[in-house]
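Let me give you the structure first, and then I'll get to my questions.
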Amino acid sequence: MNRYAVSSLVGQGSFGCVYKATRKDDSKVVAIKVISKRGRATKELKNLRRECDIQARLKHPHVIEMIESFESKTDLFVVTEFALMDLHRYLSYNGAMGEEPARRVTGHLVSALYYLHSNRILHRDLKPQNVLLDKNMHAKLCDFGLARNMTLGTHVLTSIKGTPLYMAPELLAEQPYDHHADMWSLGCIAYESMAGQPPFCASSILHLVKMIKHEDVKWPSTLTSECRSFLQGLLEKDPGLRISWTQLLCHPFVEGRIFIAETQAEAAKESPFTNPEAKVKSSKQSDPEVGDLDEALAALDFGESRQENLTTSRDSINAIAPSDVEHLETDVEDNMQRVVVPFADLSYRDLSGVRAMPMVHQPVINSHTCFVSGNSNMILNHMNDNFDFQASLRGGGVAAKPIVAPTVRQSRSKDLEKRKLSQNLDNFSVRLGHSVDHEAQRKATEIATQEKHNQENKPPAEAISYANSQPPQQQPQQLKHSMHSTNEEKLSSDNTPPCLLPGWDSCDESQSPPIENDEWLAFLNRSVQELLDGELDSLKQHNLVSIIVAPLRNSKAIPRVLKSVAQLLSLPFVLVDPVLIVDLELIRNVYVDVKLVPNLMYACKLLLSHKQLSDSAASAPLTTGSLSRTLRSIPELTVEELETACSLYELVCHLVHLQQQFLTQFCDAVAILAASDLFLNFLTHDFRQSDSDAASVRLAGCMLALMGCVLRELPENAELVERIVFNPRLNFVSLLQSRHHLLRQRSCQLLRLLARFSLRGVQRIWNGELRFALQQLSEHHSYPALRGEAAQTLDEISHFTFFVT
C-alpha cells in the first residue's frame, strides 16, 4: 500500500470496500478493493488468490482492468483502473437515456459479456451498479469472477442477493442455469437504460419474484421495432428460447457497435457458451494467453464434482465515485476494429423463428391462478403494472425516439430512486443509502472513542474495533460470508442454482468470528442506561444500530446477549417521554434500514437450531441433505433460551403491527429463511398440558398474531400462512383446546381470517372435531372475549356449504 495514496472511500458492499487512490510513481488514479480475510477458510483464500490471477489475465477495453493484487495479514487488496460513475447513479441523476446513447452503451456491454463468455466466465451479477462509465460514456463491466463469495454450505440469502431485479427466471424458479442467465440480466439493464426503470419493480421481494417468474414485460411505446425485438430476445423467460450469441452479434440493434478482438474469435469457437457446437477440449487453446487463462481456470480447486471450467459472480460492491473525480480516458470506440463474428453463417437474419417473436402483450394465466400472488386459495383483482396495457399494444411498431423534457426527466429520476429496491439486501445487511454517510461515521468514531476513555470496562473489542475499521455496511459481514452457494454447485454440469423458497442459510461456525460475550453484555448494559437517561442519539444513527444488531448474526452469541439486544432495541417503545415521540419515527426508520426484523428472526433460528458441524465438516462438499439444519423442540430448550426467543419475537411482533415496511420485511424473511419450520416447531407443541412454559405460550401467541397480521394487511402473501396452518403436522384443534386463553383467542381470529382469504384451505381441514371445538368455546367458555371471538368465527364459517360436513 505504500505505493498508493488513498484519497477517499467511493464504494462498499458485501465483499469489502472500494477506495479511490493515486499511484505515487505516475499519479495514475486507481480503485483499490479491500477484501477482509476474516472468517475465511484456507481453501477459500487459496481460490480467491487464483481468481485474482485469472482476472489479471483478462484484457478487454470494456472490462475493468485489474492492475495488481497483494495482501496483508488481515486483508486482500485488488487494484483496478478507476471509472467515473456507474450506470445506476447516472440513471438516477439523468433519467432514461435516448435510444441512441443506450444502443451505444449496450454495444459496449455486449462486447464485454461476449469476451467473458468466450473465456467461459459467467458474471451472474449483472446490474447497473456493476456497469461503470467514463466521461465519454464508455461502459466497462466490473465485479465478476473475483467477486464470487467462496463460502460453502449456503443457499437461500445468496440467491436473492441485493435484489432479484436483474435475476433470470430460471434462477428464481430453481432451475439449472447457464450463460443465458447473463443474457436476461443484460436485457434488464438495456431496458432500464431506455425505460428509466427495470422491467419488473415491486416493494416486496416475494412480489417481485412472482412478477419475474409469471408476468409479461410491459413495453414502452417509445421503443423502435429494432430495439423491442432486441429486448424481447433477451427477456424471453424460457432460457431455451432466449436469443443466442450467434443471433445477438448480428442483431441490427447492436450491429456495428461491438468490439471483438481478432484473437478472441478462436477462443469463442471453443467456448460452449458462445458456440453451441463446441466440445470441451483438454488441450490448450492455440493462442498462448488464452491457453494460460484456461490453465489457470483448470487449476481452481472446486471439488471432485467439477465438470466445467467457469467462474461466476455474486458480488454487490457498488464502486460509486463522487462527482468530483477526475475524468478517465478510455477512447476505444474510435479505433474499433472490424467485427469478426465466429460461425456467422448462422446469421440472425436467417432464423425466421426469432424474427417471429410475438409483439403482443399476452399474460399467461389460467382460471385457478391468482395474478398477484399465485395462490389458488385467493381471489384478488388484477393489478396494473408500470406501463399502460393499451399503450403497449398500440406502440408495438412505433419507431419514434423518446423526447423527455428536463423536468420530466428529473421527476422520473426521483421516481426511479423511490421504486428501486435496496441493492444491498445482502443477507439483511445495513443499507446506508446510495452515498457514504461520512458525518455518521465521524460521530460513531467520536462516540466510540469517548466511551473508551470514560469507561473502565471498554465496549466489546469485536464490535468497536471492527466497526471503526470498516464502513457500517460491512458490520454484517459474518452473515454475508456464509450466504453463497457452494463452489461445487457452480461448477457442476447442470449448474443447479441455489434453492430459493424455502431454504436454510447454513451459517457454519467458521463464518461467526469469536465474540466476547461478557464485554458485549457490559456494553449493552451501559447502552441501556444511556437510553434510560434520555440519550437516544445512538438509536438514530444507522452505523451505531448496526453495531448493536451485529450479535444477532453470530452463532457464538449466548442467549443473554441476544436477549439484551432485543431489550435495548425495545426500550424506545416503552419509555414514556413527550420528547421521545418526536424521535420515535427516526428510530423506526433506522430499524427498517438495518433490516432489524429479519435479523431478529435469523437470530432466533440460529438460537433454536442444533449446533452446526465442525469447521472441517462445514468446509467439505455438501449434499442436499446436509443443507437443512434441524430445529430443537420446546422440551429440548432451556428456560433461558425460551425467554430469549420470546423477547426476540415479541419485538418482531410489535414492529410488524407498527409499520407495514416491517411487515413486508417479515414476509420476505419467512420465505427466505424458511421460518415456517420454526413456526411449526412451536405451534405443534401440545399446549393442552398444564406444564407449558409461560415463555413458550407467549412465543406461540406472537406467531399466531403475526400470521393474522399478514392475512389482514398483505393477503397476497397468504400462501406463507397456508404453508404453516395447513401443514399435516399441525393439528389446529389442539390450539383451540389449549389451556391458555391467549392461544385459543388468537387461533379463533386466525381461523376467521383464513376463511376470508384462504377459503379452500379451510375447507380442506374442516371437520366435525374442529366445528365442535369452536362451538364449545362459543357456548360454554367463561372468558367473554374468547367466547365472542369463537361465536363470530362460527357465524362467518356457517355461511359456507362445507360447514355441516
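Glycine is treated like the rest: Cβ placed from N, Cα and C.
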Where does the phosphoserine label fall among Ser72, Ser392, Ser429, going by Swiss-Prot?
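Of Ser72, Ser392, Ser429, Swiss-Prot lists Ser429 as: phosphoserine.
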Can you tell which of Ser282, Ser313, Ser422, Ser628 Swiss-Prot marks as phosphoserine?
Ser422
In whole Å, note down how far the CA of Gly16 (ATP binding site) lies from the CA of Asp125 (active site, proton acceptor).
16
Counting only other Cβ atoms and using a 10 Å cut-off, which of the binding-site residues Val10, Val18 scores lowest?
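Val10, out of the binding-site residues Val10, Val18, has the fewest neighbouring Cβ atoms within 10 Å.
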